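A.B. asks: Dumping the structure here so I can ask a few things about it.
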Amino acid sequence: MKGWWGKILRVDLTNNKVWVQEYSPEVAKNFIGGRGLAAWILWNEAKNVDPLGPKNKLVFATGPFNGLPTPSGGKMVIAAKSPLTGGYGDGNLGTMATVHLRKAGYDALVVEGKAKKPVYIYIEDDNVSILSAEGLWGKTTFETERELKEIHGKNVGILSIGPGGENLVKYAVVISQEGRAAGRPGMGAVMGSKKLKAVVIKGTKEIPVADKEKLKELSQEAYDAILNSPGYPFWHRQGTMAAVEWTNENSALPTRNFSDGSFEFARSIDGYTMEGMKVKQRGCPYCNMPCGNVVLDAEGQESELDYENVALLGSNLGIGKLNEVSVLNRIADEMGLDTISLGVAISYVMEAKEKGIIKDDDAPEFGDFKKAKQLALDIAYRRGELGNLAAEGVKVMSEKLGAKDFAMHVKGLEVSGYNCYIYPAMALAYGTSSIGAHHKEAWVIAWEIGTAPIEGEKAQKVEYKITYDPEKAAKVIELQRLRGGLFEMLTACRLPWVEVGLSLDYYPKLLEAITGVKYTWDDLYKAADRVYALMRAYWVREFNGNWSREMDYPPERWFKEGLKSGPYKGQHLEKDKYDALLSEYYKLRGWDERGIPKKETLKELNLEFVIPELEKVTKLE
């Protein structure tokens, strides 16, 4: 094969065993890589496992774009059965570990078992070692990466967990390069459960490519197109931070546990304020439009900001000072905690305190930076009753406290940075996301509003009317095919296309130059649909067939309450109309009214092997 190695590196920490597994060209062509390869592995190998048990498989998967000079092709997918949701879980990050894993000669690394004592894996091409990490256990991700570079040199890729992963916080993530994070549904906790502190990779091999000259030509064209885009200069200044002003103007900025869509101190935490604080930019490998805006926080330390962490740790907590928000963000990265879920967990505690449900004097109230910081640390170390409870995530916390009405999650995963009282398409995207409430798979809100953050120096406020047109379901699927499918399989960042308008035509051409396989758009959409159906089948199987359409509903708050302020004050989603939109989504996907893929759909997608497994737990149409 060209473009793929056709090899998966396997490590069994229980038995201290390392081996290489080969997989077929058919699997490579059908699942491409990244999320596709990870979903295929988990379907076959992680059946009815305890997410934090030794039988769960932790998958580090790359795609054909990785390790090569492709536009923003420095991503890696990390996947496992989620300890937070109980279903399929994954996330991606940009890291040199991706480049080195590919150059070491592997398309993926799969870790199983559990070490007796803390270890890290060191990979140098064909040589793989399992080494002691007892001296690293308990250290932050920043400290861990720095110490490992002192041992192995700077020319390596490193993935590590912090105290959050070690203490099995359900939304612990994997960190690389002091600020890049992956695995919102608890991939860091899975890593911690295996006593795996880090993975260090050094690769020196040349990746097999079908047409090097064509790849070079297309990549250069794409890089030039990005730099010459009208939106590039503003993007270079603010990156995703431009979305703070944009969401605030359009009543979508999470504010005080999503109780409102605009924040009175938004100007103090937006992209313009960030510009005045920025000391450097960070980007992923092979990226010429870096989005990591690094500022000095209130404690004089560097903190890498983007929209999501500022929205969830800022306005959502009622905190209006960017240097304080930056401290919370840095702590999350050092501790190895997902900034989004951490922000929603803390905001839930704040609202529960406000309502008198939580009476703990140490619990923070909205706007209380110091107590929010302390709670973040308590969560990472599972200190105290409140820290331990909040470490379980909002779903479990709300169930134990008997207060579900303001628990902002879907399938157990906390909602990311877009408030959807008046945006049914975005609510549908959250409801049907393959990992729970996350925006990366179908950031449909810009299409729904009719304007995007990077369209000028001033965020546009538009005349907007809530509609539930069937085309909204079709648009969600279209974006899921691209954002949650194509880009996650390649594995490449979607931002060149989303933010500065890089033509989608480059991607199949680049894929052909790398692999020699000519994919039509129908082929790519079918591959995306195949992976979505497989991920949904995984959820249904792991839930033993106990599945209903209610699993695809957004949080109740968006149905029952209205916005508290702004031009859409009092407005909210209507459940019957959302339900109709959900039915349209199922129809277009070829799923039944419960949200389970039909037999015929599975056959059309070459997923016949899924049918017998699903029929053991539920009846298929």
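For all residues, glycine too, the Cβ spot is worked out from N, Cα and C.
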A.B. asks: Can you find which of Glu471, Glu478, Glu488 Swiss-Prot lists as binding tungstopterin at the same site as Lys75, Asn92, Gly94, Arg180, Ala181, Gly183, Arg184, Asp333, Leu337, Asp338?
C.D. replies: Glu488
A.B. asks: Rank the binding-site residues Cys284, Cys287, Cys291, Leu337 by the number of other Cβ atoms within 10 Å of each Cβ and report the first-ranked residue.
C.D. replies: Leu337
A.B. asks: For the binding-site residues listed here (Lys75, Ala181, Glu488, Cys493), which one has the lowest count of neighbouring CB atoms within 10 Å of its own CB?
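C.D. replies: Counting other Cβ atoms within 10 Å of each of the binding-site residues Lys75, Ala181, Glu488, Cys493 gives the minimum at Cys493.
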A.B. asks: I'd like the Cβ neighbour count for Arg184 (tungstopterin binding site), meaning other Cβ atoms within 10 Å of its Cβ, all protein chains included.
C.D. replies: 28
A.B. asks: Based on DSSP, name the secondary structure state of Cys291 ([4Fe-4S] cluster binding site): helix, strand or coil.
C.D. replies: coil
A.B. asks: Restricting the comparison to the binding-site residues Gly94, Ala181, Arg184, Leu337, Glu488, which residue's C-alpha is spatially nearest the C-alpha of Cys291 ([4Fe-4S] cluster binding site)?
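C.D. replies: So, of the listed binding-site residues, the one sitting closest to Cys291 ([4Fe-4S] cluster binding site) is Gly94.
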